[in-house]
């Protein structure tokens with residue numbers, strides 16, 4: 001399909017072209033297509049700027065008629081020039097956050113179906129701004145407000161510098177009607193309220209440019225974070241001996257680098273859903289040692305908990321029988 005040369009479509013093509021040059025020299029990609037404006041616009045630009053595009057459409061089966069929506073998205077993908085368009089049906093786990101469960105099911109299906117290709121996602125600058133605000137609300141440090149990466153294999157996000165208004169304009173230019181997901185207007189979801197209430201209010205109070213400023217901040221923090229991670233990795237290489245960490249080597253490092261090294265070591269050892277409180281408690285074993293006991297870390301089993309402890313000048317990580325607690 002030959003795309004018209006409108007400002008919106010040219011901006012999208014430039015964004016996809018830049019992403020491809022940086023991350024996918026093979027010029028072969030998969031696009032995660034919902035049928036919404038963002039992913040449709042991304043699909044059109046990807047077809048124009050790469051050699052091969054396969055579309056994957058996930059049917060969460062959470063709404064009546066979702067199968068028809070998925071089939072329509074597949075038809076649109078083929079009309080735009082995708083090589084293939086495949087509908088993936090998933091089961092969304094009940095209980096807890098519906099939004100989180102749907103996301104987990106969707107990403108799992110996309111990961112399984114992508115073969116060895118990167119999966120392009122239609123996240124825009126607006127999505128990035130919302131992600132930063134959500135991270136701020138958690139208050140868990142700079143990592144939580146770094147936002148989404150342009151490429152976090154296998155996930156690619158070429159449109160992080162593109163406003164949502166541009167993707168909608170592109171769909172108008174293409175003469176295609178995007179699907180409007182009812183969940184995107186459901187105030188039960190925190191992100192929806194940020195989108196429709198919090199961000200517009202901030203724009204009004206602060207005089208505009210808030211979304212761009214939040215996205216710019218995320219980029220700067222991610223660049224800083226990547227540099228700190230490199231220093232932390234080098235520190236960990238020096239400190240780890242037979243899977244254990246020498247306390248004296250860690251204690252010499254600046255706090256930001258030391259805690260990043262500890263976080264990496266804990267995650268490598270099987271920690272799950274590591275909290276700031278847990279990380280600080282493990283850090284205290286290094287810099288505030290008073291003979292305290294080990295620190296329980298998420299990632300254990302029903303029978304045993306994962307514990308970080310200090311023994312003979314080293315940190316060790318192992319399982320402890322819950323019946324002994």
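Residue numbers in this text run from 1 along the chain shown.
Just so you know, glycine gets a Cβ as well, placed from its N, Cα and C.
Database features, via Swiss-Prot:
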- 34, 35, 36, 37, 38, 39: ATP binding site (BINDING)
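Residues 34, 35, 36, 37, 38, 39 make up the record's ATP site, and a Cβ search at 8 Å around their centroid adds 33, 40, 41, 73, 122, 167, 178, 179, 181 from the same chain. Around residue 37 (ATP binding site), taking its Cβ as the centre, 24 other Cβ atoms fall within 10 Å, counting all chains. Minimal Cβ crowding within 10 Å, among the binding-site residues 34, 39, is found at 34. When secondary structure is read from DSSP and collapsed to three states, residue 34 (ATP binding site) falls in the coil class.
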